[in-house]
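Student: Heads up, here are the entries from Swiss-Prot:
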REGION    1-72  region 'Disordered'
MOD_RES   23  phosphoserine
MOD_RES   34  phosphoserine
COMPBIAS  37-48  compositional bias 'Basic and acidic residues'
COMPBIAS  50-61  compositional bias 'Polar residues'
MOD_RES   74  phosphoserine
MOD_RES   90  phosphoserine
REGION    91-153  region 'Disordered'
MOD_RES   119  phosphoserine
DOMAIN    163-224  domain 'SH3'
DOMAIN    241-305  domain 'SAM'
REGION    337-359  region 'Disordered'
């Protein structure tokens, strides 16, 4: 019988078995060395000619070298990132505490990993603290912010200039508690400009350029009829000297800024102000209610002054009225006169005529009364 020759495959397998064991042994040895010395492992592997026989041993060595290179690169990147992070933390601590940061040594990989873990834990704890503070202080900051906004508005804004819905005179003193900052301190005789009236009884007003609350039971509301004569009297005093032009008239009542608007809208003379009304002033964009009242009251006073001057320019009827008032007592003492003038010659005939008229009247009355009986 013929004997078959052994194939090349079987021969290769016999020769490759020790090579595989040696390659795996070298791989384990290099892996253990890489844990202790990661930086020198690549150089030792590249310069170590242990496996110089066969193509398959070269491919296995190349694969192991790539894995070691990747591990070495990852270690170096971790070191660099850890160093940068530690430097950033140290700089922040130096800025906060004003102390010099202690240098860290990261030459050993174990120390580097330990510092990385510590820094990561510290950063996580700091982030959690900051987030907790922000979340817990969110509600309080909102509430404090609103109160601070209100206080800033009261402090920064100027005095309230209107609108007002009336005026009130205080008849009872009231001093609020020191904790009540919204209420007004009022005294008897103070006049408060009312801003708002609420059905609860707490009104809002302004006193001495301060806006606050007060109870309606401490005040008496001043009607417009009571307030109007006071303004008219003041304007009469200011207009004691008659103004001739519109500009002089407005300067006397301290409203000269409205001269241009009045002149442009047809109010050129003082006579044009006779028929002016509040609606006309609103159409002229005079928004301040106090200015409108002053202008209207001044125009009314100007008309009254003209009427008084016209009466003074007519002395005869005034003198007659005075004479009549003086001689009234004398006229009451005199007998009444019929208005007919009777001469002395015809006095007897006049008496007879009067008697005949009286007789005829009496007869007529008697005739009328008889049938009624």
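Just so it is clear, glycine is given a Cβ too, placed from its N, Cα and C backbone atoms.
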Student: Minimum Cβ neighbour count within 10 Å among the modified residues 74, 90: which residue?
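Tutor: Candidates: the modified residues 74, 90. Fewest Cβ atoms within 10 Å: 74.
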Student: Between the Cα atoms of residue 90 (phosphoserine) and residue 74 (phosphoserine), what distance do you get, rounded to the nearest Å?
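Tutor: Distance (Cα to Cα, whole Å): 24 Å.
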Student: So what pLDDT does the domain 'SH3' (163-224) average out to?
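Tutor: Value for the domain 'SH3' (163-224), mean pLDDT as a whole number: 88.
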Student: Hey, does DSSP put residue 74 (phosphoserine) in a helix, a strand, or just coil?
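Tutor: Helix, per DSSP.
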Student: When DSSP states are grouped into helix, strand and coil, how many residues of the domain 'SAM' (241-305) land in each?
Tutor: 43 helix, 0 strand, 22 coil
Student: Mind checking how the domain 'SH3' (163-224) divides into helix, strand and coil residues in DSSP?
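Tutor: So the domain 'SH3' (163-224) is made up of 4 helix, 30 strand, 28 coil.
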